[in-house]
Amino acid sequence: MKVKVISRNPDDYVRETKYDIQRVPRNYDPTLHPFEVCREYTRALNATKLDRVFAKPFLASLDGHRDGVNCMAKHATSLSTLLSGSCDGEVKVWNLTKHECVRTLQAHEGFVRGMVVRFCGTSFFTVGDDKTIKQWKMEAPGYGEEEEPINTILGKTVFTGLDHHREEGLFATCGQQVDIWDEQRSSPIRSFTWGVDSFSSVHFNPVETELLASCASDRSIVLYDMRESTPLKKVIMTMRSNTLCWNPMEAYYFTASNEDYNLYTYDMRYLEKPIMVHMDHVSAVLDVDYSPTGKEFVSASFDKTIRIFPKDSDRSREVYHTKRMQHVICVKWSADSKYVLSGSDEMNIRLWKANASEKLGVLSLREKQAINYNQKLREKFQYHPQVRRITKHRHLPKALHHQRKELQVMKEARRRKERNVRKHSKPGSVPVVSEKEKHIVAVLE
């Protein structure tokens, strides 16, 4: 014999404290909620508007340099430590939590051209216009001790870039050639040249650690393998690339910042054309750095702005600028993927939020749930005209806005001329060249 008993668990409907909200039982049957989509759309629109209202990305300005900030380096193990080098040869170590400089050293005569922290975080390397490579201790000298480098290597030419191997005591420099150095030796263990005057930057692949790439002054990007005696490949573009950065999650991809106002993401296995052309800047792009997630990167430009691009999008999702910020020379994305740091001409380093409207600090459970719910709503209705318009709108300085319009007019004029030439030419004599293929001159192996 079955006996049916009504069972009620007080945990399902009784509040834990009198400050909790009342629990309401809900039936999720869609037929009982005919206006659910309308309500969700209104909530998505409000969430999008509030997202723009709370978008306050600028956090702090670190001032103390007496000349333009030329390069920056992230600490390998500490999130709150940043190193910066300026055009007067001065290197500063910053504590980002307290927003203050903890150490200053006169490293070089002339520009500090490059700096990098060793993978273990115990020391860092700098190169400058005085043809020297210097290795410094990360800890400040004790009371009464002088500030001196652990090791100094005098080179034959000026070094313009520097990067350290991710796992071994090796580092690479570039200048008139790309050199691979062992920390224990005073001469390079390997040198690479490929008929070029000079190189502007060199970077090790963070995943395939034996690979490295450099940007050369003959408008080319050259790839190397340390185990080989000669370079692997090079792609020549229509204009010069300033710097490049490897994707930390996808070993084959890298993004190069170019003088033609664009950034190009390449797959190193197939250099015939870039997999994506990122367009939005209105002046030369000077630096680029990937987020640790590998899904986005930040670029610094001569047009006094920094932009954040999703890696698979041709347009930026965010643009940061201030009235005082001049030409942005260098940019870094913090290792916890939450902040962006930019160094510019007017001697300041600025700290920005990577997600402009993100609330910093400890969030309660209900805040987290509300944020996640609003995020899902925005994703669901992202292609609705009103939501998309508000999401995409960014206020730009007047000069930048006019420049952008002018570039659009010029681009449209070139397209129109090309169409007219094609219309009045023999069929097939003027081929249609895609945007990705336009900027590649040749690929050499």
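The chain as shown is numbered from 1 upward.
Glycine is treated like the rest: Cβ placed from N, Cα and C.
The repeat 'WD' feature in TrEMBL is assigned to 62-104, 278-319, 321-362. For 354-440, the entry in TrEMBL reads domain 'Sof1-like protein'. Annotated compositional bias 'Basic residues' per TrEMBL: 413-426, in sequence order. What TrEMBL lists as region 'Disordered' is 413-433.
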Taking DSSP helix as H, G and I and strand as E and B, the repeat 'WD' (321-362) has 0 helix, 18 strand, 24 coil
Just give the helix, strand and coil counts over the repeat 'WD' (62-104), going by DSSP. 0 helix, 25 strand, 18 coil
Against which stretches of its own chain does the repeat 'WD' (278-319) lie, if we need a Cβ under 8 Å and a gap of at least six residues from its ends? 57, 242-250, 253, 255-265, 325-333, 335-337, 340, 342, 344, 352, 354, 356, 394, 396-397, 400, 403-404, 407
Work out, from DSSP, the number of helix, strand and coil residues along the compositional bias 'Basic residues' (413-426). 11 helix, 0 strand, 3 coil
Do you know the mean pLDDT across the domain 'Sof1-like protein' (354-440)? 94
